[in-house]
Amino acid sequence: MNQLDGIIDIVAAICMVTITISIALLLYRVVKGPTNPDRAVALDAIGLNLMAIAGLVAILLGTTRLNDVILLIGILLFIGTIALAKYLEKGVIIDREHD
Amino acid sequence: MLFAVFLPVLLAIFIPYLSKWKENIHTGFFVLLAPLAIFIYFIFSIGNGFDPVWQKYQWIPSLNIGFDFYLDGLSLLFVLLISGIGTLVTLYSIYYLDKSERLDQFYVYLLLFMTAMFGVVLSDNVYVLYTFWELTSISSFLLIGYWNHREGSRYGAMKSMLITVFGGLSMLGGFILLHLVTGTTSIQEMIAQADVILQSDYFAAIFAFVLLGAFTKSAQFPFHIWLPDAMEAPTPVSAYLHSATMVKAGIFLVARFTPIFSGDEWFFVIVSGVGILTLCWASYMAVRQTDLKGILAFSTVSQLGMIMAMLGFGTKTAIYAAVFHILNHATFKGSLFMVAGIVDHESGTRDIRKLGGLATLMPISATLAFFGTFSMAGVPLPFLNGFYSKEKFFTAATELPETSIWLAELLQQAIPYLAVFGSIFTFVYSMYFVFGTFTGHKQLEKLPAKPHEAPIGMLLSPMILVLGVVVIGLFPNMVNSTFLAHTAEAIYGKPVETHIKFWHGWITPLFMSIAVVVFGAILAYTRKGWQGIYTFLPGKLSFNKAYDFIVDQLEKSSARITNRYMNGSLRRYMVLILTAILIGAFSTLWITDGFALDTSDIASVTIHEVVVAVAMAIAAISTIFTRNKIAAILILGVVGYGLSLLFVLYRAPDLALTQLVVETITVALFLLCFYHLPNLREQTELASQKFTNVAISVGFGVLMTTVAISAHSTKGFETISDYFLEKSYKLGGGDNVVNVILVDMRGLDTLFEIVVLGIAALGIYALIKLRNKKGAEK
């Protein structure tokens, strides 16, 4: 088991570095654009990477306390991206009731 | 004495009720009783065997402040002047002020002033003295501005207020220093410690501050400018405040502190120098006036200068002469003001160019004026008290004390000549006053009213005062040993034996008096011939102009300075605030040597932390340069996510959770308002402004980094986090230490954070709902 632990740690560390690099690359898309939907998708992807990192940190630390975070990120990303998409599509987020 | 001091103000409370009957009884008759009673109460203190009386009443014992009344010869002279002339002025005002005036206000102010003056002259406690002193300023302000519908009254009241309160505040500074140096608040105990004061480091400041208070109050050069403008007050007020009582408060103060200050050689130079300068300048300026009260105002200033100069001489003769002249000046100047008021009242004008030849129409007033002016001029007649004090003044001017300061020696040689010069002009304006008004051509067509003799009630008060002039003139020794000797002793510190007689023989002062009369008569006769000199001196220069300029410029330049930095631009305010913080924090760090960089306690850095940090930094910086507003918020989202990532990496799941939610909501909120927000505009800033912005932001970043690093490197004590970790479960019953701290250990903070959120929610609701409703405040 100890050997396996060591391997998991190494793999997790490699994954962490890789994912952070991918965040940095996604940052390029967010900053550069060229359009706002590009940025929105990139931000969504950053969020996904965030979930991954939270999971990896949980593995590295051997804790389950970060599971809430992972789930929450999933929900929030969904809501945030929907809101963004709706805004980009219609210009408003919350529709007013028709009088 | 407490009752005597506060009797007028007690009466003042009932004045508004009493004045309701003013149709039947003039309110002044009620008022008359107060000063009369006080005069009678104090007159019995006069006598050969007079001893100072102490009476102490507590006020604020913990601060050593109490109503400590001390009645010595000096206080007695002033108390009798205030109450005596107060009685006469009240009597005069009954006939002077019509029942249609707002009598209740007038007499309330007047009674307030009486209490204040009694307090000033009787207080032994410096702070109580100061309190009453300011009360005289305030009540004088109210009385000068009595006819507040007139522009001139308001101007004069404002001016006297500014100047006398300026002096009063400086005097308070002097008193506080005196208290600090001597450790007592009693003037008599301070006098006992005169050596301590003279040798203290603060002596120069005490001296300057106290004298500044006295000079402004007593209208000494160059602070005399408020007095002529105070002539806008009703004449009874001018007669009372601005000739007999309030303007002598400064004289009183100098006299009271003479036992302390006269130990210093500069006392002579400053007090006598200022006094003699005031005497000359004001008597010179008085001839130029065309208003009767204007002449009398400058005359008052010059006479006050003369008294001040004599106090400065500090010799036995001089002090006695000063005291004697205080009494004499009060009698003749009070009567002259009243006569001027009668002339104004009966002829409708005070302009001396329109007046003339009134002697046949107003014989009694003319006679009173003759006595008053001749006494003021110091004409050598055996029934005029002014002559005695003037001759004593000359005697004192020729017998000046020994001194070693070169300036004082210079002054000593000049003083006899200056004294004669001032007295010549005193003679000229006295003659101008009386002959210009009562002799010469009648110009009845120029007068607004048909002049006739005043009613007897109005003439009564000046008659009594002129009677005083003559009685003191005939029997000068009557007031001498019984009364004035005590006063002079209180100032001089040693018994003063003086015998006054009319004829001293062929001595220098007599020749000086003769010179005054001769040259004065010549100058008065040829006045029209040399009056052109006033177009050269002072010409366009005047201290009024200087005052107006200062007040005007003070307002303008304050407005200019305020407008310069308060330009309504938030950018400007941020620049000022941040620069102030930068300078303050960096200089504090520099002075306290707070810079510290200690690497021993730093954890190792992993590559993914570096990558996240760099990504956040890039996102933050690129936000600044983004032109597209949605792009800006999206890029800012990266910073927010990066931050929550850091929270995850640093094992703070609760923070990460909260940060994520808040970040998402913030983005959503931004998107909500984005529809209404204007497009990010091109910053049209100057290069210099941009440079300032960059410099300040970089400086602030450096500052916060420095502070953070320095704070981390210098840990003064152990953290208390171990305690929380240990006790979280035992005391709080929870594993989650963060949440236990939030709701158990530091629950109060959480409560108020909830309140903040509640207020914010209500505020937003109110802002949106009340936006367009009528009645909502704009």
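Cβ from N, Cα, C; glycine included.
TrEMBL lists B:6-22 (among others) with the feature transmembrane segment. Here the transmembrane segment (B:6-22) has Cβ contacts under 8 Å with residues 30-31, 33-35, 37-38, 99, 103-104, 107-108, 111-112, 114-115, 118 of the same chain, all six or more residues outside its ends.
Positions annotated as transmembrane segment by TrEMBL: B:29-50 (among others).
Taken from TrEMBL, the feature domain 'NADH-Ubiquinone oxidoreductase (complex I) chain 5 N-terminal' covers B:60-107. Here the domain 'NADH-Ubiquinone oxidoreductase (complex I) chain 5 N-terminal' (B:60-107) has a mean pLDDT of 87 out of 100.
Look at TrEMBL and you will find B:123-410 tagged as domain 'NADH:quinone oxidoreductase/Mrp antiporter transmembrane'.
Beyond the transmembrane segment (B:202-227), the same-chain residues lying 6 or more positions past its ends with a Cβ under 8 Å from any Cβ of the stretch are 133, 156, 159-160, 162-164, 166-168, 170-175, 177-178, 180-181, 242, 246-251, 253-254, 257, 261, 264, 266-267, 270-271, 274-275, 277-278, 281-282, 297-298, 300-301, 304-305, 308, 543-544, 546-547. Per TrEMBL, transmembrane segment is recorded for B:202-227 (among others).
Annotation comment: TrEMBL describes B:239-260 (among others) as transmembrane segment.
Sequence annotations record features per position, and here TrEMBL assigns transmembrane segment to B:266-287 (among others). If one looks beyond the transmembrane segment (B:266-287) by at least 6 residues along the same chain, the residues whose Cβ comes under 8 Å of a Cβ in the stretch are 207, 211, 215, 219-221, 224, 254, 258, 294-295, 298-299, 301-314, 401, 403, 405, 407-408, 411, 414-415, 418-419, 421-423, 425-426, 428-429, 432, 527, 531, 538.
Among the features that TrEMBL reports, transmembrane segment is placed at B:294-313 (among others).
TrEMBL lists B:414-435 (among others) with the feature transmembrane segment. Residues 272, 276-277, 279-280, 283-284, 286-287, 289, 292, 295-296, 298-299, 302-303, 305-306, 309, 336, 352, 366, 369-370, 373-374, 376-379, 390, 393-394, 397-398, 400, 512, 515-517, 519-521, 523-524, 527 of the same chain lie 6 or more positions beyond the ends of the transmembrane segment (B:414-435) yet place their CB under 8 Å from a CB of it.
Sequence-distant neighbours of the transmembrane segment (B:456-475) (same chain, 6+ residues past either end, Cβ-Cβ under 8 Å): 85, 88-89, 91-92, 94-96, 327-328, 331-332, 334-335, 338-339, 342, 345, 364-365, 368, 371-372, 375, 381-388. Per TrEMBL, transmembrane segment is recorded for B:456-475 (among others).
Packing against the transmembrane segment (B:573-591) from elsewhere in the chain are residues 565, 692, 696, 699-700, 703, 706-707, 710: each is 6 or more residues past its ends and has a CB under 8 Å from a CB in it. The transmembrane segment annotation in TrEMBL covers B:573-591 (among others).
The feature transmembrane segment is assigned by TrEMBL to B:603-625 (among others).
Summarising the annotation, TrEMBL assigns domain 'MrpA C-terminal/MbhD' to B:615-678.
Feature annotation from TrEMBL assigns transmembrane segment to B:690-711 (among others).
The feature domain 'MrpA C-terminal/MbhE' is assigned by TrEMBL to B:693-769.
The transmembrane segment annotation in TrEMBL covers B:750-768 (among others).
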Distant-in-sequence neighbours of the transmembrane segment (B:29-50), which means Cβ under 8 A and at least six residues beyond its ends:
4, 7-8, 11, 14-15, 18, 71, 73, 76, 79-80, 82-84, 86-87, 90-91, 94, 107, 110-111, 114, 118, 481-483, 486
Per DSSP, what is the residue count of the domain 'NADH-Ubiquinone oxidoreductase (complex I) chain 5 N-terminal' (B:60-107) in each of helix, strand and coil?
32 helix, 8 strand, 8 coil
Positions on the same chain near the transmembrane segment (B:239-260), where near means CB under 8 A and six or more residues out:
74, 78, 81-82, 85-86, 89, 92, 110, 113, 117, 120-121, 133, 136, 140, 143, 167, 171, 187, 190-191, 194, 197-198, 210-211, 213-220, 227, 230-231, 233, 267, 271, 296-297, 300, 304, 307-308, 311, 314, 319, 322-323, 326, 329-330, 333-334, 336-338, 341, 490-493
Secondary structure content of the domain 'MrpA C-terminal/MbhD' (B:615-678), with strand meaning DSSP E or B:
54 helix, 0 strand, 10 coil
What is the three-state DSSP composition of the domain 'MrpA C-terminal/MbhE' (B:693-769), stated as helix, strand and coil residue counts?
65 helix, 0 strand, 12 coil
